[in-house]
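Visitor: Questions regarding the structure given below will be posed in turn.
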Amino acid sequence: MTDTVFSSSSSRWMCPSDRPLQSNDKEQLQTGWSVHPSGQPDRQRKQEELTDEEKEIINRVIARAEKMEEMEQERIGRLVDRLENMRKNVAGDGVNRCILCGEQLGMLGSACVVCEDCKKNVCTKCGVETSNNRPHPVWLCKICIEQREVWKRSGAWFFKGFPKQVLPQPMPIKKNKPQQPVSEPVPAAPEPATPEPKHPARAPTRGDTEDRRGPGQKTGPDMTSAPGRGSYGPPVRRASEARMSSSGRDSDSWDQGHGMAAGDPSQSPAGLRRANSVQASRPAPASMQSPAPPQPGQPGPPGGSRPSPGPTGRFPDQRPEVAPSDPDYTGAAAQPREERTGGIGGYSAAGTREDRAGHPPGSYTQASAAAPQPVVASARQPPPPEEDEEEANSYDSDEATTLGALEFSLLYDQDNSSLHCTIIKAKGLKPMDSNGLADPYVKLHLLPGASKSNKLRTKTLRNTRNPIWNETLVYHGITDEDMQRKTLRISVCDEDKFGHNEFIGETRFSLKKLKPNQRKNFNICLERVIPMKRAGTTGSARGMALYEEEQVERIGDIEERGKILVSLMYSTQQGGLIVGIIRCVHLAAMDANGYSDPFVKLWLKPDMGKKAKHKTQIKKKTLNPEFNEEFFYDIKHSDLAKKSLDISVWDYDIGKSNDYIGGCQLGISAKGERLKHWYECLKNKDKKIERWHQLQNENHVSSD
């Protein structure tokens, strides 16, 4: 009964009864779980060598991985160098004097606290109080704080060290390959090829080729199957794995500089368990899947060492642009993708991603598996046009159409300096809950500089995969300069009441493509991770793009303190200046919870006494406060030209001095938009003039 069910003709995979068969018999009869019942002899290409185009694609992937590895090592090196400089510049002994600044501690000196990690004495200025579950406060010195930051930003906190990795060896390419006319019949016998060497235990040298190695390195049963389709080693890992594992190249020197890792990860039990778990999660190398090489007169083992059904499943980049018999075919197929796609990155947010929505899931992996492939490379039919290999590897292409689609519209109101984002609906979202549904919501960020200050979100809709929001989220204070350099990231997430919210998918749109005062509608398939297109970088892989984006976001967070919308009007009826504080946007977070308690202070200089100073109300726990308050200064119009208005934004704190967020100064001595705003106010009486001003980290007012 069991045999009848499993060997049904309608089943795609056939498993006969294996009770009377031994393991060797299964290999000879081509039976087992991995044997396809039809078309097996034509699809099996173990004796065919990889083409030069395929080898070039593999070499480009390896070069990208090495590039990312070098960038990761440089990034960690900068972190370590900064930490070492802090350690070298200590001025105290950590007992009677502060370990950092060297200030005297004790009864006659500053207050003393003990660092929780290094157990050294520091003053309260050089120590940082951290929150913990313990009832008493926990203090850390700035060196230990920096050490924890390095441990966190390098990813070593997860692995308790750095895992090792060995990159695949570059594939040798034979340039003087003889050509055969397509019209002549070619025998189907496989051509003999020189076996490929097995990967060494150390990292391979970039320039090593098959010709430079001796014949003694080409022995072993696994080496005879090198001309097979999948014999070039384990599949290349995704860029997200490469970013984590590439940091382990200099793990020994990093551990010595930090004193936090427990030696070589491969020598400790935890390191062995970690290495086993990492290797178990990856596909096994093709050379290990075939224990014996196939003989010319004997069919290959049922396991098949080919990594994909056809050439387009693994390498969708090799789309022939000329005839295969043309002498320039190799160069045309391997030309840089800048010439084919129009730039690094290769696609726009509104263009190609919409085209991808038309492809069914797994279209380019199953289409080539349906038809048998000829054995001879020169007579092979060109594969159907597919996407670039680098573009397909930049994100999870197999889930490009399974995450769902999002419909939204964008409108830039240039007169009011606002960006209106209308989230209409989503369709076919990926189920995230156990009931096969989701609780989706949409959140928006502006890149670079993503933070809570520019985060907007919709309401959450329960138990649906096809939500309809019809919500409009508005970004205020968006100038023409912001439209040229900002990118809008739209993320769809699943809300979880009892845990962390789960990410479903996202899409990004460069705001410089949006025309002012013209609404643009979008219906785009969600992607798991979308790389940013950056000019001047070769091989914009996902890991490199995210790393560059992380660097830009950190720079943006440091430079931008926020913006303030101010209105000025000189009233001839009241005989004075009316200053309106309308709102602030994208303020810097000053509190530990990631928010601020902002208020605005005004000071008309030179000093006119107490009547020259005004202050708004305090807005609690927000980075985008709305004040809508007006203040009146009784001053003659002729005297106003000699004055300057100082505007400062502060974070209110209880029990200590307020934190300065940023400010700006309007007056004759100002420059740019500030001077223009003040001049228009003096020129146009009884007319309210509103302007956005960038806050600067220049404090002109005391915190009292």
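Each residue, glycine too, has its Cβ placed from N, Cα and C.
So Swiss-Prot lists the following for this protein:
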{"type": "ZN_FING", "residues": "92-149", "note": "zinc finger"}
{"type": "BINDING", "residues": "C98, C101, C123, C126", "note": "Zn(2+) 1 binding site"}
{"type": "MOD_RES", "residues": "R229", "note": "omega-N-methylarginine"}
{"type": "MOD_RES", "residues": "S277", "note": "phosphoserine"}
{"type": "COMPBIAS", "residues": "279-290", "note": "compositional bias 'Low complexity'"}
{"type": "COMPBIAS", "residues": "291-310", "note": "compositional bias 'Pro residues'"}
{"type": "COMPBIAS", "residues": "366-380", "note": "compositional bias 'Low complexity'"}
{"type": "COMPBIAS", "residues": "385-398", "note": "compositional bias 'Acidic residues'"}
{"type": "BINDING", "residues": "M432, D433, D494, D496, E502", "note": "Ca(2+) 1 binding site"}
{"type": "DOMAIN", "residues": "560-693", "note": "domain 'C2 2'"}
{"type": "BINDING", "residues": "D591, D651, D653, D659", "note": "Ca(2+) 4 binding site"}
{"type": "MOD_RES", "residues": "S702", "note": "phosphoserine"}
{"type": "MOD_RES", "residues": "S703", "note": "phosphoserine"}
Visitor: Would you count the other C-beta atoms found within 10 angstroms of the C-beta of E502 (Ca(2+) 1 binding site) for me?
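Guide: A 10 Å sphere around the Cβ of E502 (Ca(2+) 1 binding site) contains 15 other Cβ atoms.
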Visitor: Determine which residues of this chain, when D591, D651, D653, D659 are set aside, have a Cβ within 8 Å of the centroid of the Ca(2+) 4 site's Cβ atoms, and list them as they appear in the sequence.
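Guide: Not counting the recorded site residues, we get M590, S596, D597, W650, Y652, N658.
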Visitor: Taking the zinc finger (92-149) alone, what is its mean pLDDT?
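Guide: Looking only at the zinc finger (92-149), pLDDT averages out to 81.
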Visitor: With DSSP assignments reduced to helix, strand and coil, which class does C101 (Zn(2+) 1 binding site) get?
Guide: coil
Visitor: What other residues of this chain sit with their CB within 8 A of the center of the CB atoms of C98, C101, C123, C126, the recorded Zn(2+) 1 site?
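Guide: Here the non-site neighbours turn out to be G92, R97, I99, L100, G102, E103, S110, V122, T124, K125, G127.
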Visitor: Just name the winner among D651, D653 (the binding-site residues) by count of other CB atoms within 10 A of its CB.
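Guide: Of the binding-site residues D651, D653, the most buried by Cβ count within 10 Å is D651.
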Visitor: Starting from the Cβ of C101 (Zn(2+) 1 binding site), draw a 10 Å sphere and report how many other Cβ atoms land inside it.
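Guide: Neighbour count, Cβ to Cβ under the 10 Å cut-off: 15.
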Visitor: Which is it, of D433, D496, D659: the one of these binding-site residues whose Cβ has the most other Cβ atoms within 10 Å?
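Guide: Selected residue: D659.
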Visitor: Determine, for the Ca(2+) 1 site, the additional residues of the same chain whose CB lies within 8 Å of the mean position of the CB atoms of M432, D433, D494, D496, E502; present them in sequence order.
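Guide: Output for this site, in sequence order: A438, D439, C493, E495, N501, I504.
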Visitor: Hey, of C101, C123, C126, D591, D653, D659, which of those binding-site residues are within 10 Å of D496 (Ca(2+) 1 binding site), Cα to Cα?
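Guide: Final answer: none.
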